[in-house]
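To start, the structure under review is shown below, and the notes come after it.
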């Protein structure tokens, strides 16, 4: 799916200014560049573009409130100076799996004064001698590099993931509310169907009763006819002896 189309779907009838988290993982970028993102996403705090084929972030829009940026598994090899200009409040940056080969490539990150965590897993720069020591010297504002601090203490999960989980919880609550509303609509429709079926059964019952009544009426008529026939025959038998007596006279 193209990145522009993915952004449209992620909006879910919201305006860009309402969005705080945007996940575009595995979508397709146009010619290796970001597309569909504009300055209108002024409240955006978390952006994830994992494995979208990026080679450049030059057209990244102004995102003053962006705190966490996921760029892993792309083909970015430089141009990181744009981050300090467009995302001055960035605290977490993941460049794992990109084509970062030397320290000079990440030097522009010095201008990100609030940068607290940087990930460079599976980048060639990690193979350099004294890699960790040199990165911490180059970027003194960093607290965590590849998930560990200067003393090789692992970053707490709450620091790395807590912010995103908080956003996920909010979205889950919204989804649950939407689900509950949809479920209620379905229940109401089922109740209506049951009522209609009940009415149909009542009508069918009345029709059957009418038919039975009609049939009973036919039987009664037949019985009346039989009784009437017997009376006529009886009267005829009475008349016959009388007729015979008259003949004798």
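Indices start at 1 and increase along the chain as displayed.
Placed from the backbone N, Cα and C atoms, the Cβ positions cover glycine too.
Going by Swiss-Prot, these are the annotated features:
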type	residues	note
COMPBIAS	147-156	compositional bias 'Basic and acidic residues'
COMPBIAS	157-230	compositional bias 'Acidic residues'
DOMAIN	123-161	domain 'LRRCT'
MOD_RES	17	phosphoserine
MOD_RES	158	phosphoserine
MOD_RES	204	phosphoserine
REGION	147-249	region 'Disordered'
REGION	150-174	region 'Necessary for tumor-suppressive function'
REGION	165-249	region 'Interaction with E4F1'
REPEAT	65-87	repeat 'LRR 3'
REPEAT	89-110	repeat 'LRR 4'
Those residues of the chain, 6+ apart, with a Cβ under 8 Å from that of residue 17 (phosphoserine): 40, 41, 42, 43
Distal contacts, the repeat 'LRR 3' (65-87) - CB-CB under 8 A, six or more residues away: 25, 32, 42-58, 93-101, 105-106, 108-109, 111-112, 119, 121, 163-164
Arithmetic mean of per-residue pLDDT over the domain 'LRRCT' (123-161): 92
DSSP helix/strand/coil residue counts for the domain 'LRRCT' (123-161): 17 helix, 4 strand, 18 coil
